[in-house]
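Only one structure is covered here, and it is reproduced in the block below.
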Amino acid sequence: MKFDSILAEINGFGKFQIALVLIQILSRITLPCHFLLNNFMAAVPSHHCNIDALDTGAVFGNLTLDQKLAVGIPAERDGTPSSCQMFSEPQYEYLLGSNSSKGSFTVQCQNGWVYDKSTFKSTLATEWDLVCSRKGMNKATATIFFIGVMVGAPVFGFLSDRFGRRPLLLVSYLASLIFAVLSAFSTSYVMFVILRFFTGMSLAGINVEWFSIEHRTFSGVIISLDWTIGNWILVGTAYFVNEWRKLILAVTSPLILSIIAWRWLPESARWLVAKGKTDAAHHYIMKCAKMNNRSKQKGGFVNEHSHYVSLTFSQTLLECAETEHGAKKYTFVDLFRTPNIRKLAIYSGMLWFGVAFTYYGITLNITGFGLNPYLTQFIFASIEMPMKIGVYYFLEKVGRKHGQMGSMLLTGLCLFINIFVPKDKWTVRTVVAVLGKSMSEASFTIMYLYTTELYPTVVRQNGLGYTSFLARLGVSISPLIVLLEDLWHLLPAATYCAVAVGTGLVASLLPETLNTRLPEFIEDIEKPSPKSAKVLLSAILPS
C-alpha cells in the first residue's frame, strides 16, 4: 500500500487537515503583508524641492507658500510644482503673471525635499530621500526582498528534506520575526535592504503534505484564500499605522502567535516515512485517523465506506519507506533529458515567469487611479476571493488550457486599454484596472493547479520547484520595470501588456489536462498510450 493510499483511507481532507489549515493561517497571512508591504512602506508622497536656501532677502520671506513655490520651482505641464527641479534664484516676474523664463535656469534639488505628510507620516522615500535620481533605490527594496525569497525557497527546501518540515518551520518563523523587527530599527538604507533580503529568505512556506491526492486541488484553493485575508489585514493595518517602522512591526506580529501555535503542528508523515521513521509516522497517522472519525480496530481501522482496512502499520509503513528508498531518484535535470518533457518544462517555465511578472506588476502599482492607495489596495484585494472560488468551478467547464490562456490575454487587453485612457478619467481607469487584476489573479490560481496536472508524478515536485524559481525571478524583476518610464512614460504599461499577451500565447502550446488520465512517469509523456494521453501528445508534439 502506497502512502497516498493510506492517507486516502484515513480521509485526506477531514478535521485533522482543517485544523492544520486554521493553525497555519496565522503564519500565511503574514506573507501578503510582507510581499505587498512596499505599496505602503515605500510609497512616494507628493514632494518638491526644499527652497529655503532661496530666502536671501526680505522679499522672499514675506511671500506666501504658494508664491514661494511659484518663484522658486518650475511648474509641470499640469501646473503642479516640479518634484525634482528648482530655480537657481527666485523668479519674481512670475508673480506679475509673466511666463517668460528669460535669464532663469533650473537645477536639481540642492537642499533635500519637502514631502506631503497628509497620507503617510513616514516612508522609505521620505526617510532616505529615495526620490528623483534615487528613486531606483526605492524600487530596489522590493527586488532585493524577492531575491531573498527566491534564494530562501531552495535553501529551506533542502534543509527541510534533511532535518524535517516541522523544525525548519519554527526556524522560518523565528528568523522572519527577528530579521523583520531588526529591519524596522535600521539606521541606514544599506542595513535595511540587507535585513529585508534575510526577511524574504526566511519567509519560506511549508509543504502541506497531509492532503490526499484527490483533495490537493481543493485544498490549494482554500489555502490560497489566506492571501486575500492577509491582504485585507495589510490594508487595515496600513491605514491606521502610517509610519513605516511601526507598520513593519504591526504586520509581523502574527508570527508571535504562529510560534506559540507551532507546538500543535505535526511533522510531515510523508517525510517520516521517507526517512524510515515508521514509529513516529504511525503515531501521527493514527492521530489523523482518530480526528477524522476513522474508528480504530485491531490491526486497522474502518474507512468512510464502512470497509475494514487491515494495516499492520510497522510492516506497511516500512514497505512504503523501502519503496521510497528503492525507487529511482529524479532530479531537476530529468526535466530536460527527453524532448517532450523538455518542451513542457520550457513552456511551463515561461508561463510561471510571465504570470508572476504581470501579477506583481499590477499589484505593486496602485497609484494613478484617482483613489487613495488604501481604497485601491482594498478593491484589488476584494476581487481576489470571488475570483479564486469562481476559478475552481470554472475550470471544470472550459478546461485548464483555455482558462489559463484566456485569463492572460484578457489581462493584457485590460493593460492595453488603460494605456489610452486619460488619467483624469479615473473611474474608467479603476474599473479596467480591477478587471485586469481579477484576470491576473485567476491566471495565478489556474497556473498552480494546471502545473500539478501537467508534470508526471515522479518529477512533479521537481517541476514545481523549477517553475516556482522562475516565478520568483519574474517577481524580482517586475518592480524595476516602472523605472522605464524615464525613457517613455508608457513603456512600463506596454511591457506588462506585452508579457501578458505573450504568456497567454505560450499557454496555447501546453496540453489540456481536463478529463485526461494524468501521467505518472516521464515515459507517459514521451510515449503515451492512445487511451490515456492522446490530448497531451497532440498539444506537446508539433503537428
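Any Cβ shown, glycine's included, is placed from N, Cα and C.
Annotation source TrEMBL lists domain 'Major facilitator superfamily (MFS) profile' at 96-514.
For 140-159 (among others), the entry in TrEMBL reads transmembrane segment. Remote same-chain residues near the transmembrane segment (140-159) are listed as 34-35, 38, 42, 124, 168, 171-172, 192-193, 196-204, 364, 465, 468-469, 472-473, 475-477, 479-480 (criterion: CB distance under 8 Å, separation of at least six residues from the stretch ends).
Summarising the annotation, TrEMBL assigns transmembrane segment to 171-198 (among others). Same-chain residues lying 6 or more positions outside the transmembrane segment (171-198) and placing a CB less than 8 Å from one of its CB atoms are 27, 30, 34, 124, 128, 130, 137, 140-141, 144-145, 147-148, 156, 159, 204, 206, 245-246, 248-249, 252, 255-256, 258-259, 262.
Annotated transmembrane segment per TrEMBL: 218-241 (among others), in sequence order.
Positions annotated as transmembrane segment by TrEMBL: 247-265 (among others).
Sequence-distant contacts of the transmembrane segment (344-362) (same chain, six or more residues past either end, CB-CB distance under 8 Å): 335-336, 380, 404, 408, 411-412, 415, 433, 436-437, 440-441, 443-444, 447, 451, 454-455, 463, 466-468, 470-475, 477-479, 481, 492, 495-496, 499-500, 502-503, 506-507, 509-510, 525, 540. Taken from TrEMBL, the feature transmembrane segment applies to 344-362 (among others).
For 374-395 (among others), the entry in TrEMBL reads transmembrane segment.
Residues or ranges marked as transmembrane segment in TrEMBL: 402-421 (among others).
Same-chain neighbours of the transmembrane segment (463-484): 38, 135-136, 139-140, 142-143, 146-147, 149-150, 153-154, 157, 332, 335, 345, 348-358, 360-361, 364-365, 451-452, 454-455, 491-492, 495-496, counting only residues six or more beyond its ends whose CB sits under 8 Å from a CB of the stretch. Annotation comment: TrEMBL describes 463-484 (among others) as transmembrane segment.
Distant neighbours of the transmembrane segment (490-510): 343-344, 347-348, 350-351, 353-355, 357-358, 361-362, 365, 401, 404-409, 411-412, 415-416, 418-419, 440, 443, 450, 454, 481-484, 539-540; these residues of the same chain sit at least 6 beyond its ends, with a Cβ under 8 Å from one of its Cβ atoms. The transmembrane segment annotation in TrEMBL covers 490-510 (among others).
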